[in-house]
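All remarks here apply to the structure that follows.
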Amino acid sequence: MTQDEMKKAAGWAALEYVTKGSIVGVGTGSTVNHFIDALETRKEEIKGAVSSSVASTERLEKLGIPVFEANEVAGLDIYVDGADEINAEYDMIKGGGAALTREKIVAAISDKFICIVDDTKQVDVLGQFPLPVEVIPMARSFIGRELVKLGGDPEYREGVVTDNGNIIIDVHNMAITDAKDMEKKINALPGVVTVGLFAARGADVLLVGAPEGVRKFEK
């Protein structure tokens, strides 16, 4: 089974959590694209989706799935999204696709976070994948210096502007043993919109596409 086939298996497995008449929180990325394609088969049963990015909104609308703004809903039953890394505590690094802030908002208004990944994304310690930080442009140099103090090697992601009009700094060479504490420290820096650590609000369900099929884990 190829990596993309494992992503597809995880994406389709998340359909089990979609309930009739609901509005579904939808993340961003290659694995989520498979979930969106799967969701099309249930589009007559659901009211629609809240999307975490322009890219996902375009894919949903192309398939005829109504998209609501986050401000139009009081809450969501589920949020389905991928991860760049996830550890045994269900803490995640997300934001490789630069949609981390909107992903964090949609996750926050959802009762259950369902993380869909292939088995290469499971790690013992977070940080091998560069940690994305969304930053207001005028704070770029200051935040870079502060991230060095926290033990990282920051790199400006050239040519990338988030859906919110901000920039991304990727932090390399961080072994993150206390994800909640690091999330709090980076989020407290003036000029940071949010960091791509999802630990304060981690995943509740993990669906892992693997060569032998989909492995399911729940908190």
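Every residue, even glycine, has its Cβ placed from backbone N, Cα and C.
Swiss-Prot lists T28, G29, S30, T31, D81, G82, A83, D84, K94, G95, G96, G97 as binding substrate, and of K62, K121, K149, K180 the one it places in that same site is K121. E103 (active site, proton acceptor) is 14 Å away from S30 (substrate binding site) when you measure Cα to Cα. Report note: the substrate site is defined by T28, G29, S30, T31, D81, G82, A83, D84, K94, G95, G96, G97, K121, and the residues of the same chain whose CB lies within 8 Å of the CB centroid of those residues, excluding them, are G27, V32, V117. The candidate set comprises the binding-site residues T28, S30. Of these, T28 has the most other Cβ atoms within 10 Å.
Sorted by the number of other CB atoms within 10 A, the binding-site residues K94, K121 start with K121, the lowest. DSSP classifies A83 (substrate binding site) as coil under the three-state reduction.
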